[in-house]
């Protein structure tokens, strides 16, 4: 990295010349050194079909660059113009009720429609040709927030592509029928063309149909990203990304497979700071070895016509920025620079108001810039320490849980809650996609992944055999790749590999079921598995409710390491304490060295450089915190010596400690 970026999303096409110049001047004063432009400007670039002119944006990029501000240019494909959509319902997105989306509000077109793909390729080619080699253009963003407002499309184009996808996957219809078990409810198909989309139906569609359609849709949107990236690379060497999210119906691992760096948006409040940190720990690993970007976060609050959050507490924005840079980000950017005077998001927080004055978040933006300048030399001379503990993250698992949410489960909430238990123990951690290598890790958690591929099981079991500890569950391994039930044993290949026998799987009632582990008794909930206590070493036993007397937490030696099966989810305060005790127990057994006793609400981001180990300590919750320094070190901000022992951190404060004897 050559610099840290501090930026904003900017829409010069919405403003007159005088306002644009005012914006650029104030950006320089604030310290904004990058902007993102163009993602919603298709009708400005091509007001009439076939009449494309991107000269305005060429001029803007040049003017910004002359003022020391670099640009990430976007393709404008979320917002096809009215000439594309008017009177052409076949080009539009159809939701699961087969309702056709109208023009406007963005993402109204079906991204699989062949005419959309054709026009998207033409506008992308024109932009890349004209702007691709400009000085000041440092990157490309494809589209914006794929599937933000929509999920799977049910139009006729998608139906045809769905049938093609099924043919490629199964070859002959008999294989599909066998794999899905379509004899249920007389659902057997005679041709691929008979397989429906999971649209309106009297009751629930078949699990296999619902999950496979989601996976099909995820592959289709990724193929659109591939197509756009390929076009841009013909005319530009600048790296390509997409502004993604874990909230949407996409497979981010697949989406970023052919892109150059990972980026996303997050609007986590101070009360939900763990979600902000989760994103940093995940997106750092989607393109390993490359810094990630936060392309959108609010300088104060998020809002639309129908909802609004509250402004951040003073200091929280700085804590977000410093923690993101410390955890591997190169860019920290706001949505948006100047409040929009019209549209659906006129009430959204911004850096400047629509009338050009500082907003409620302005002083916090200035604080971020002061912090960026202060820590930039440290960040540029170090890199994040390799974590020794990892947690598996899977967007494909999200599809399975969307199909089968049991009692209203949400994948994101499950993952965030489990992540918080690891975070609260002070362990430096990674969230890694299913396909990530396990080199360098000692401890692996794999919760909430209903289907585990054979490839993943082989990789994770090899990790355990070589000395790692693999903790799997809850809600893991109980479904096949087709979203059917195993017929050989409860958890299929996972059970066979671990050697731990599953006795029953059933929904535990946390008002009835309790279990005990690590000296803690807690309610148990979620769709659960209980295990034969003779097939492994029992660490947790169901004490009350169905399954009482059987193990819900058990381990078994596997080569030089262990496989641990967590069959149920401890809940409530006692459950959180039990899970954190589990994390600490196995972190000690795995000899995790990259950890601290930092108080909850404060984080330690360890970094390493030529001069050794650096801890960047940041308070996120606004309550202040502390951590024990294992040895003496130098505060790189004050240049004072800090002795080994307790280090206090004030509300939203950050400290940077270079250890004297640690490398």
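Backbone N, Cα and C define each Cβ position, glycine as well.
In sequence order, 39, 40, 74, 78, 106, 243 constitute the residues six or more apart from residue 144 (substrate binding site) in its chain with CB-CB distances below 8 Å. The substrate binding site annotation in Swiss-Prot covers 106, 144, 345, 346, 347, 348 and rests on similarity to another entry.
Taken from Swiss-Prot, the feature Zn(2+) binding site covers 110, 153, 155, 158. Long-range neighbours of residue 153 (Zn(2+) binding site) (same chain, six or more residues apart, CB within less than 8 Å of its CB): 93, 94, 95, 110, 111, 112, 217.
Long-range neighbours of residue 145 (active site, proton donor) (same chain, six or more residues apart, CB within less than 8 Å of its CB): 78, 243, 244, 245, 248, 265. Positions annotated as active site, proton donor by Swiss-Prot, on the basis of a curator's inference: 145.
Annotation comment: Swiss-Prot describes 296 as active site, nucleophile, evidence class a curator's inference. In the structure as shown, the Cβ atom of residue 296 (active site, nucleophile) sits within 10 Å of 22 other Cβ atoms.
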Additional residues around Zn(2+), ordered along the sequence, whose Cβ is within 8 Å of the centroid of 110, 153, 155, 158: 93, 94, 111, 112, 113, 154, 156, 157, 159
Pairwise CA distance, residue 345 (substrate binding site) versus residue 155 (Zn(2+) binding site), rounded so that it is a whole Å: 28
Nearest by Cα to residue 346 (substrate binding site), of the recorded positions 155, 158, 296, is 296
CB neighbours within 10 A of residue 158 (Zn(2+) binding site), counting all protein chains shown, number 23
Cβ neighbours within the same chain of residue 348 (substrate binding site) - under 8 Å, at least six residues apart: 298, 301, 302, 303, 304, 335, 336, 339, 340
Starting from the Cβ of residue 155 (Zn(2+) binding site), draw a 10 Å sphere and report how many other Cβ atoms land inside it. 23
